[in-house]
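Have a look at the structure below, then the notes.
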Amino acid sequence: MKILLAIALMLSTVMWVSTQQPQEVHTYCGRHLARTMADLCWEEGVDKRSDAQFASYGSAWLMPYSAGRGIVDECCLRPCSVDVLLSYC
């Protein structure tokens, strides 16, 4: 029983540490951006993000910070992480 508890504690510690690692950022432009998006969004399909889901609130502060920018602004003009790319899937 103590061994199982020790293993569970060790696994949870490893998982917590892995989530604390900073994500690597890169710039993605042109074909490289298109291919990366195709690879990341393969199962979901690549759909353009829409602000329609936020339109009913009517308050600008409820919209996400990046709502007015596109993927090129976020990932070509500046480096971005895979999490940012995935938010566009």
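Each residue, glycine too, has its Cβ placed from N, Cα and C.
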Say which of C75, C89 is recorded by Swiss-Prot as the disulfide partner for C80. C75
C75, C80: which of these disulfide-bonded residues has the sparsest Cβ neighbourhood within 10 Å? C80
